[in-house]
Amino acid sequence: MACQGQVFRPRHRGGYPINTPSPLKACWAFEFRDQKSSQHQIVTMSSSSAVLAASIGSAILYGTLVRSRPSRWRMVVKTASTAMLSAATAMRGGSLLLVGALALGATGDAFLAWDDEASFLRGLGSFLVAHILYIAAFVQHDSDGLNLEVLLSGWRAVAAGALALLAPAMIASLLPRIGRELRPPVVVYSLTIFVMALAALTLDSSQVITGAIMFTGSDSILAADRFLVSPTASYRPWMQHAVWVFYYVGQLLIAMGFLSLEVDAP
């Protein structure tokens with residue numbers, strides 16, 4: 001122990017005043033609190049790892065239900081995967097913006113587990129706010145805000161250019177195929193996720209960047225599957241499984257990558 005071998009002398013002949021702990025006792029008390037804090041951190045990490053493992057297990061289970069008919073069980077399994085990811089992130093000290101974005105993702109998952117248009121719009125709204133929270137978290141992490149100098153350099157500029165082409169291309173493809181009432185929310189959502197991906201490209205985290213690009217890819221495939229591809233197309237099953245894999249892995253990478261950035265932040 002750090003307190004061993006230390007010699008403490010009284011401040012005056014009469015010793016320490018009554019009810020005043022000696023420096024040796026104070027040192028031991030400090031070490032005890034430090035040990036308790038370390039034990040608490042270990043328990044928290046173990047608990048969050050268990051929740052994270054349950055989240056991954058739920059995501060794998062939902063992968064077997066992707067093409068099954070909508071049901072409450074299917075909705076619960078889908079929602080649980082992202083909800084537990086949000087919980088694990090909160091247990092590890094994630095920011096409110098990050099935890100909130102993941103929680104809204106779980107809400108969106110619950111709505112999108114159903115096929116009707118009202119549920120689709122509610123899910124779209126949930127994910128729209130989630131992306132806004134992601135943008136706020138990414139911009140807030142850098143004291144300079146959205147760093148355009150980083151965004152426009154090297155491979156990031158290539159990725160940003162590809163996203164800049166994808167967003168208007170998807171919007172132009174979707175607008176003739178969707179109802180008039182869906183056009184404004186779809187356009188706003190498409191532009192928002194585009195900005196989210198651009199904001200991720202300014203961060204010094206390959207995990208967050210990869211996750212944001214996978215999330216964007218997932219939504220692009222989902223939009224194509226829902227509005228552009230024939231219901232009888234033979235490759236639709238692969239598209240639907242790709243939507244889920246890209247989405248969940250993307251959320252997982254964003255969560256774990258941004259947590260690492262927050263831990264390493266000065």
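For all residues, glycine too, the Cβ spot is worked out from N, Cα and C.
Heads up, TrEMBL stuff is auto-annotated, nobody curated it.
TrEMBL lists 42-63, 83-107, 119-139, 154-174, 186-203, 209-229, 241-261 with the feature transmembrane segment.
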Original post:
Does the chain bring the transmembrane segment (119-139) near the transmembrane segment (42-63), so that three or more CB pairs sit under 8 Å (pairs 6 or more apart in sequence)?
Top reply: no
Original post:
Can at least 3 Cβ pairs under 8 A be found between the transmembrane segment (154-174) and the transmembrane segment (186-203), with each pair 6 or more apart in sequence?
Top reply: yes
**OP:** Give the one range among 83-107, 186-203, 241-261 whose Cβ atoms make the most pairs under 8 Å with those of the transmembrane segment (42-63).
**Re:** 83-107
**OP:** May I ask you to check whether the transmembrane segment (186-203) and the transmembrane segment (83-107) make contact, with contact taken as at least three Cβ pairs under 8 Å and only pairs 6 or more apart in sequence counted?
**Re:** no
